[in-house]
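K.L.:
Under the heading region 'Pyrophosphorylase', Swiss-Prot lists 1-230. Summarising the annotation, Swiss-Prot assigns UDP-N-acetyl-alpha-D-glucosamine binding site to 9-12, K23, Q73, 78-79, G140, E155, N170, N228, R333, K351, Y366, N377 and lists sequence analysis as the type of evidence. Taken from Swiss-Prot, the feature Mg(2+) binding site applies to D103, N228. Marked as region 'Linker' by Swiss-Prot: 231-251. Annotation comment: Swiss-Prot describes 252-459 as region 'N-acetyltransferase', evidence class sequence analysis. Taken from Swiss-Prot, the feature active site, proton acceptor applies to H363. Taken from Swiss-Prot, the feature acetyl-CoA binding site covers N386, Y387, A423, R440, and the record attributes it to sequence analysis.
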Amino acid sequence: MSNRFAVILAAGKGTRMKSKLYKVLHPVCGKPMVQHVVDQVSQLGLQKLVTVVGHGAEMVQEQLGNVSEFALQAEQLGTAHAVDQAASVLANEEGTTLVICGDTPLITAETMEALLQQHKEAGAMATVLTAYIEEPAGYGRIVRNENGHVEKIVEHKDANEKELAIKEINTGTYCFDNKALFASLSKVSNDNVQGEYYLPDVIEILKNEGHIVSAYQTEQFDETLGVNDRVALSQAEIIMKNRINRKNMVNGVTIIDPSNTYISADAVIGSDTVLHPGTIIEGNTVIGSDCEIGPHTVIRDSEIGDRTTIRQSTVHDSKLGTEVSVGPFAHIRPDSVIGDEVRVGNFVEIKKTVFGNRSKASHLSYIGDAQVGEDVNLGCGSITVNYDGKNKFKTVIGNGVFIGCNSNLVAPVTVEDGAYVAAGSTITENVPSKALSVARARQVNKEDYVDQLLNKKKS
């Protein structure tokens, strides 16, 4: 196989997005558009990948990191001019170069591989990715010769009646013989209304020089969708969501209502897990097998063990073990590690806490900056008081501890193994192992007090 290279065009202003965010960084199913493209082209066995950046260059470079080399198009003078900015990296290379836009998040490695194979088999200097659509208005038409090769690409506004009837359109993705590409770029003129250098002109240059220009027609027109405004962004979101949901269902995940279930492109979900409506799985989340998630649950960048149930709750940047029960209406905040067979009940918030196996906080509790041992019971209304207005402090609860209802543990404080804390206590000092700690005022009953009070008000 000859050397392969790719150029991703990501320098456009994206003015139609009407956004402060650089266009190709707008997310589709939780991942920036350009990252979708890079992830797919990276599966093609490339020797070099160059992303052409312009506005917001630093943000794109930060997003892609060292996966790609970068070329700067400081002034946007057209697509041919954009590709030419990669000359310092690629111009002297032998091989085939794929050129694709960074705002086509739905393109797949399979389609690009088919394009490259068609290019090779046809012995072409350039190959165009095309698609057949019933309503081709606005698209450039593909005019083929008697051999089935591309004779020319005609823009809609320049097409005659016969050419307007053609329904095979140019999608804007190409592959070229690398040296022929960069040799032709220097011949492209900007003698047009916009005064720009257009990449399709390279096709005409190569054709006029007697080279074969081939085309590969994809049956997946949706993959070629370019996102230029918020309407197209929403269309891409729907298509990607359906693709992701279908893939998960085919792999053994039950999605009760796919139209109301959102799964990120990078999420991994085990078989026989059930997702109820309103479930949102974001980021690099991994969910095990035989889980039940939702309804109305958000999980982001977290790891969920097998046979875990999460109902109407939120989990962020945390790890949950096996056979955990969460919710309804619980919130597990970042940097929490929940053990196996744990119960986190309704209106419980856990933050930056290690919560041991078989421990329970069944309702109305806040556990923050804490280390909770195994087999611990935190009664209703248990609070770790971790913040003094300036600094956060740690609470340590040993194994087998029982915390009574409506108790405050004022950090820094340790409750050692097997200790009991009486309901209503405010603990400010360490509790020894197996001790009962009572930290509340003794109850006083004042006999006949109510009658005395009422008589006083009457007088």
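Glycine too: its Cβ is placed from the backbone N, Cα and C atoms.
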K.L.:
Whole-number Å only: compute the distance from the Cα of N386 (acetyl-CoA binding site) to the Cα of Y366 (UDP-N-acetyl-alpha-D-glucosamine binding site).
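P.N.:
Pair distance, Cα basis, whole Å: 10 Å.
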K.L.:
Identify, in sequence order, the residues in the chain of N170 (UDP-N-acetyl-alpha-D-glucosamine binding site) that are 6 or more apart from it along the sequence and have a CB within less than 8 Å of its CB; answer 'none' if there are none.
P.N.:
V128, T130, Y139, G140, R141, I142, I153, P200
K.L.:
Among all the protein chains here, how many other CB atoms are within 10 A of the CB of D103 (Mg(2+) binding site)?
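P.N.:
27, counting other Cβ atoms within 10 Å of D103 (Mg(2+) binding site).
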K.L.:
Looking at the binding-site residues K23, D103, Y366, which has the shortest Cα distance to A423 (acetyl-CoA binding site)?
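P.N.:
That would be Y366, the closest of K23, D103, Y366 to A423 (acetyl-CoA binding site).
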K.L.:
Would you mind reading off the Cα separation of D103 (Mg(2+) binding site) from L9 (UDP-N-acetyl-alpha-D-glucosamine binding site), to the nearest angstrom?
P.N.:
8
K.L.:
Give me the count of other Cβ atoms within 10 A of the Cβ belonging to A423 (acetyl-CoA binding site).
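P.N.:
The answer is 15 other Cβ atoms.
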K.L.:
Compare all C-alpha positions of N386, Y387, A423, R440, the record's acetyl-CoA binders, and send over the largest distance in angstrom.
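P.N.:
Site span for acetyl-CoA, by Cα atoms: 22 Å.
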K.L.:
Cβ neighbours within 10 Å, counted over all protein chains: which one of the recorded positions K23, R333, H363, R440 has the most?
P.N.:
K23
K.L.:
Need one number: mean pLDDT over the region 'Linker' (231-251).
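P.N.:
For the region 'Linker' (231-251), the model's average pLDDT rounds to 98.
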K.L.:
Tell me which of the binding-site residues Y366, Y387 sits in the most Cβ-dense spot, judged by other Cβ atoms within 10 Å.
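P.N.:
Answer returned by the neighbour count: Y366.
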K.L.:
Which residues of the same chain, at least 6 positions away in sequence, have a Cβ lying under 8 Å from the Cβ of N228 (Mg(2+) binding site)?
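P.N.:
In sequence order, the residues whose Cβ lies under 8 Å from that of N228 (Mg(2+) binding site) (at least 6 apart) are G14, R16, M17, K23, D103.
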K.L.:
With H, G and I counted as helix, E and B as strand and the rest as coil, say where DSSP puts N170 (UDP-N-acetyl-alpha-D-glucosamine binding site).
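P.N.:
DSSP call for N170 (UDP-N-acetyl-alpha-D-glucosamine binding site): strand.
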K.L.:
Quiz question: given the binding-site residues G78, G140, which has the greatest number of C-beta atoms lying within 10 angstroms of its own C-beta?
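P.N.:
Counting every other Cβ within 10 Å of each candidate, the maximum falls on G140.
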K.L.:
Work out, from DSSP, the number of helix, strand and coil residues along the region 'Linker' (231-251).
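P.N.:
Tallied per class, the region 'Linker' (231-251) gives 20 helix, 0 strand, 1 coil.
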